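K.L.:
First the structure, then my questions, so here it is.
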């Protein structure tokens, strides 16, 4: 409920009215530069004077349909490769100069990728002047006769202009003339600068016809650059210290009382001729930052802004002097902006400061694109989004132009070569979007309400007065004769001559009296004039005689002077030729000096980088040596470790194989013993068929076994009762009893009991270090379906590596049998005796039901 009271809502109809009547779109023009070589591939075709078409190069990927897409873009006007600088100026910049003279602001900037011809379009070259020198030339050709004297206009450092009186301006001029460091500006174009004279010929010079002659004009120029989003004044005369040079100080942006943005503390130089203005521009151009990249030899690394400010003030009612009223001073400006080109670091291969410059350039151009998109969205959709002008110095400085403080025009420079196709596509999209942005048209601002033609009437009065005084033989300038002026002022004033009453007898006598007095004064003046004329005549006669003598002398001198003039003219022509050559050489020397400085800087940076890399390489080499030494030590340790491990594994494998061989031999021996016993003392020899004996078996049968692992069922071969093995189990040695968790409890009467044993389910180094013996209880399923338990014994010893190892020395087998249950091999009767013998041979020897244990010794 309180918002309508603030007055924000009633202000909205104002912009709508202006948008319907006084809004113009941004004028976008396109200029195509020629190809560098004739054999280069071209990707741009000019279809008409306002349309171009882009063709995808051969190496580019096709779209989803397998076809190359051709796109067309329209502009206000397209300038081909044969367009001259003069034609471009006539269509683009000349209307902005005319608006500048008529108190309207203007903004002209070039946009494009690096190497597309933006700087050439703006500045030009000798013989082909760009837009900037042509704008200056047209401006001075138009207002040259109406310029005020120097220092009449003076900037107030707040983006405004003040008017000084004649005395202060004269003192400023005398002070300037006394300073030898500041050269005087040539008052005419008779001695033109050779470099500038080559840029614009006399045939190409133009002027504006609609100039207000009742005003006096003053022109001020400033030149700044925006480098890495910092503003620097290129015309600032900073003191140079060779010992400790100081970097240039950046400037800040401020807002004046009219809410227009300006650069605070920027140098504004008053110029009186085109040559002086271009000389000031060239002074700042030498300080501008350029660099050599892979794509452009002289690539601009900053955005440059050359501002031409025109101050004009009306003459007074007499048309003689400037009106001393600051409110009547009107200031308009034209900004000529050369934007740095957008570039891809993958193509320019920029590093270090060049990479940082490219990043800031691309960021500022992206901000400009974002501002244009928001402006277009606000105008087309009716939204009120905030435009991010403050994100970049470029957009912040020129935000007033997009808000309706002047006309905006943009020249899109494109390079038709195929390598720039993708960057050119982005530039074209930005240009197409910019054309849809509308800027409010500036309103004509009248200066004052005085009658027109004041200067012309004042000049006509002066000419007529000089002519009449010349006819009378008097001085040519009556205003400068104080005696005549005093006499004219001494004449009595005429009384009122109006008769309102027929009986009035006082008006006419007073008038007659005044006229008689004026007549007497006139006669006195006439007599004085006649006396003065006679005196002058006599003096003139004397002067005539002297003049005749002087003329004869002058005639002789003139003949000599003419000869000297011819010599001087020849020398002057030669001097002008040499000056032109000198300027051209200076221009080349400056370019070469800049190139040399850039190469020197690149050389220093490369040397520093080389030294850094050498140091890094030395560090890496030393690190590599240390690493090699460390790795050699590690390899040596690892080799020794693996040699020990291999030796341990070989020994373990040998031991395992020996144990297997021993077990096999024991089985064979047991089998032999069983076969021998069964063949010698069998109870049922008739039931088993005789089997031929092998000779080796006979020899084995005759030889008694050394020991038996299990008790024999026949008295002829008594079982071995190794009590000494029991003594080892019952001795004072400590055992590690390894019983896996997967073993089953058989509940037999006779169980192996080992005193002083540490029972573990998983062996560990701590248990092995405390014991000397090791036993493993292993259960497996026998061939007859019963569970067979093996006690695998071994000695524990320390290894060279500090660990524990086990050497297996003995295996005991425990087996439980049921006497009533027949074996699986004996189900078919006594006829299967050989099969039974074969089964017994394949099985390990087992103890009988009495529970005797079999012990084996290697």
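A Cβ is built for glycine as well, from the same backbone N, Cα and C atoms used for every other residue.
Please treat TrEMBL annotations as automatic predictions, because they have not gone through curation.
So TrEMBL says this about it:
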COMPBIAS  1-15  compositional bias 'Basic residues'
REGION    1-21  region 'Disordered'
BINDING   112, 113, 114, 115, 116, 117, 118, 119  ATP binding site
REGION    173-196  region 'Disordered'
COMPBIAS  179-189  compositional bias 'Polar residues'
COILED    561-630  coiled coil
REGION    675-739  region 'Disordered'
COMPBIAS  687-703  compositional bias 'Basic and acidic residues'
COMPBIAS  712-721  compositional bias 'Pro residues'
REGION    817-858  region 'Disordered'
K.L.:
Quick one: among the binding-site residues 112, 115, 117, which has the most Cβ atoms sitting within 10 Å of its own Cβ?
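P.N.:
Compared across 112, 115, 117, the most Cβ atoms within 10 Å surround 112.
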K.L.:
Fewest other C-beta atoms within 10 angstroms of its own C-beta: which of the binding-site residues 113, 116, 118 fits that?
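P.N.:
Output over binding-site residues 113, 116, 118: least Cβ neighbours within 10 Å is 113.
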K.L.:
Tally every other Cβ atom lying within 10 Å of the Cβ atom of residue 119 (ATP binding site).
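P.N.:
Excluding its own Cβ, the number within 10 Å is 25.
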K.L.:
Need one number: mean pLDDT over the coiled coil (561-630).
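P.N.:
It averages 91.
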